[in-house]
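Per TrEMBL, the features are as follows:
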TRANSMEM  14-33  transmembrane segment
TRANSMEM  84-107  transmembrane segment
TRANSMEM  119-136  transmembrane segment
TRANSMEM  164-195  transmembrane segment
TRANSMEM  207-230  transmembrane segment
TRANSMEM  250-270  transmembrane segment
TRANSMEM  282-304  transmembrane segment
TRANSMEM  324-344  transmembrane segment
Amino acid sequence: MAEAVRGPAAQRRLPLGLVAVAVWTCVLAWFVIQGSDLLWVVALGDVTRSGGGVPTSLPFASAPQAEWHNPIVLAELLLSLVHALGPAGLAALQLVVVAVTLVVLLAEGRRLGGSEGRCALVLSLVVVGASAHLVITRLPSLSLVPYVLALAVMRRQHDRPSLAVWWLVPIYLVWGNLHGGVLVGLAVLGVFLVASPGGGPVLRRAGVGLGCALTLVLTSAGLRTPAYYVSALGNEAAARGTDLWARPSLGQPLDVVMIVAAVVLVVLAVRARPPLWEWLAVAGLVLGAASAGRNAVWLLLFLAPAAMRMRVPARTAPAVTIRPAAAAVATVVVVAVAATALVVRGPAVEAPGSAVVEAVRAAAGGRPVLASEPLAETLAQAGVTVWAANPIDAFPRDVQGQFLDFLHDGTVPDEPAIGLVVVAADAAAAVAADGDWIPGPPLDGYVLLTPAP
């Protein structure tokens with residue numbers, strides 16, 4: 001009789017993992033914003049949707065451009081369509097992407113024997129440690145879901161090899177048309193195919209590896225896709241180690257939080273004794289995170305299921321069951337809370353600097369505008385010609401350097417074509433210091449500077 005009572009009672013346990021996903025989704029809704037490396041993608045998608053074909057250059061920029069290839073038209077169309085739904089569309093998409101990513105991690109953690117409490121703890125560590133990546137809406141966010149899906153397939157194949165490993169090929173095909181993060185996925189896949197028995201027989205491993213590698217050129221840029229990745233990985237910001245390519249720093253609080261979260265996840269993973277291939281992948285991901293902070297999110301997401309894994313899965317606690325009606329109600333509540341947050345926050349979730357777009361358009365009078373990021377992308381998407389903006393690898397190296405110098409110290413390139421400079425109010429003094437540019441009054445946190453007579 002006691003056993004009969006314990007079973008149903010245990011099954012009514014609170015699903016802490018799903019609660020964590022729901023709570024963090026609602027919390028992130030109050031902080032999510034749009035960042036740089038986003039609206040230029042929307043702008044190119046707008047061009048394609050308007051019948052302009054696949055852009056092979058940046059139609060919104062006036063600075064000299066280098067040969068640039070465009071393999072991510074799928075991402076451009078997706079973000080353009082979402083942006084067209086309304087000002088908060090991209091922020092809402094970010095929340096959906098993050099929620100799905102966390103659910104996939106939770107499903108893997110449960111499969112590996114993780115308890116509800118342990119799974120909730122690990123998910124919380126991931127969200128806090130990767131907060132800079134999960135709160136700011138950028139193009140790389142489109143890599144989150146395919147990355148965790150690919151990892152889930154690899155881990156399941158390691159435990160029980162089968163023909164299902166071929167699912168990796170379509171995952172990488174879609175991923176390669178969304179974002180360059182697919183290169184990280186290919187690196188992890190290479191480790192898996194070499195060091196794990198999950199790849200199956202040698203011919204199957206070779207076929208999966210070759211198939212996934214070939215998906216790199218099955219994009220809108222075709223055989224020129226590798227050249228796109230070479231230019232993106234070798235741009236001036238990457239060479240300098242600045243901006244989105246900056247290394248983690250102990251002087252940055254969010255970097256410190258990321259490092260602490262990663263260390264805790266590693267400790268939890270060590271206790272669960274992951275297989276060799278996972279440790280080899282972790283070693284590579286650690287090196288990637290050390291070279292550029294933007295790569296840390298891949299390390300945290302990889303560690304999460306390993307950290308959820310129990311050394312000896314508990315046999316006394318049955319799987320938590322959730323009634324469909326309860327799941328539906330919970331989903332509606334989360335959506336309602338998140339939507340309310342986005343509506344209440346209003347302009348905070350819209351394109352950065354959208355309030356000054358029309359003033360800038362009028363002041364520029366059709367002349368190119370030199371603007372700080374991410375405002376430059378906001379202007380570009382709104383149809384204002386800018387001198388330069390992301391992606392900077394579309395420009396020659398000297399233009400990249402000039403634009404980065406402007407972003408860092410306010411040095412305006414000696415380009416007569418530039419008719420207006422727009423920067424944040426606290427950066428206006430640096431631009432006006434040499435007397436060549438006259439600042440106007442502050443406008444919604446920005447200052448418009450015109451050429452001196």
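Heads up, the Cβ atoms here are built off N, Cα and C, so glycines get one too.
Keep in mind that what you see is a predicted model, and the values were worked out from it rather than measured.
Remote same-chain partners of the transmembrane segment (282-304), defined as residues 6 or more beyond its termini with a Cβ less than 8 Å from a stretch Cβ, comprise 101, 105, 108-109, 122-123, 125-126, 129-130, 132-134, 140, 144, 147-148, 151, 181, 184, 187-188, 191, 238, 241, 244-249, 252, 255, 258, 261-262, 265-266, 269. Among residues of the same chain six or more beyond the transmembrane segment (164-195), those with a C-beta under 8 A of the stretch's C-beta atoms are 71-75, 78, 139-140, 142-143, 146-147, 149-151, 153-154, 156-158, 204-205, 207-209, 211-213, 215-216, 218-220, 225, 228-229, 232, 276-277, 280-281, 284-285, 288, 295, 298, 302. The highest tally of CB pairs under 8 A with the transmembrane segment (324-344), across 14-33, 207-230, 250-270, is held by 14-33.
For the transmembrane segment (119-136), same-chain residues at least 6 beyond its ends with a Cβ under 8 Å from one of its own Cβ atoms are 16-17, 19-21, 24, 28, 31-35, 94, 98, 102, 105-106, 109-110, 254, 257-258, 260-262, 264-265, 268, 293-294, 296-297, 300-301, 304, 307-308.
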